[in-house]
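Scroll down for the structure; my scribbles are underneath it.
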Amino acid sequence: MAADAGKRKRPNILVTGTPGTGKTTTSTALAEATNLRHINIGDLVREKNLHDGWDDELQCHVINEDLVCDELEDVMEEGGNIVDYHGCDFFPERWFDLVVVLQTDNTVLYDRLSKRGYEGAKFSNNIECEIFQVLLEEAKESYPEDIVIPLKSDNIEDITRNVSTITEWIRSWPPAS
């Protein structure tokens, strides 16, 4: 359990994984099912200009991790958040009570990223990231292993099951000490 969890009335959950694994779809459905606040880091970075410019090769903003953490500090202390982002190693460990790493079969991911118009380095980096389970390793290195759970996210049935699994976890939080 996160160090600050005793003060929070509701848990904080990080939903992470390679782009295209269903983070936003899962987080949106989970927020609707649980009344927790969904925070999409990509949207937050764009809306509040929490970045250091644009990366032409990867076709995305270069996020300023310090600005993002400063922006989120108060709401994370309150609890009741679902944070949705494809990285996880810069968030303070104390913020999260559960870290969900969504994983998708490469054939499925290939199709999803192609439909999004990903190409070049952005496309190949993300496929390699999933093949080598980079996000799962990053999560295990950044958080206590007992709060990190990998979940398969290949189709709508998987997403529905994942939302149910996480919703049940939220209902039984905090764990009895």
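The first residue you see is number 1, and the count goes up from there.
Including glycine, each Cβ sits where the backbone N, Cα and C put it.
Straight from TrEMBL, the features:
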- G20, G22, K23, T24, T25, R116: ATP binding site (BINDING)
- 16-26: compositional bias 'Low complexity' (COMPBIAS)
- 1-26: region 'Disordered' (REGION)
- 40-63: region 'NMPbind' (REGION)
- 115-125: region 'LID' (REGION)
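Within the chain, the region 'LID' (115-125) has long-range Cβ neighbours (under 8 A, six or more residues past its boundaries) at 19-20, 57-60. Surrounding the centroid of the Cβ atoms of G20, G22, K23, T24, T25, R116, where the record places ATP, the chain contributes additional residues within 8 Å, namely P19, T21, T26, R112. Residue density at R116 (ATP binding site): 13 other Cβ atoms are found within 10 A of its Cβ, drawing on all protein chains shown. K23 (ATP binding site) has a Cβ environment of 27 other Cβ atoms inside 10 Å. With a 10 A radius on its CB, T24 (ATP binding site) counts 16 other CB atoms from all the protein chains. Taking all protein chains in view, 24 other C-beta atoms sit within 10 angstroms of the C-beta of G20 (ATP binding site). If you compare every pair of Cα atoms in G20, G22, K23, T24, T25, R116, the residues listed for ATP, the longest distance is 15 angstrom.
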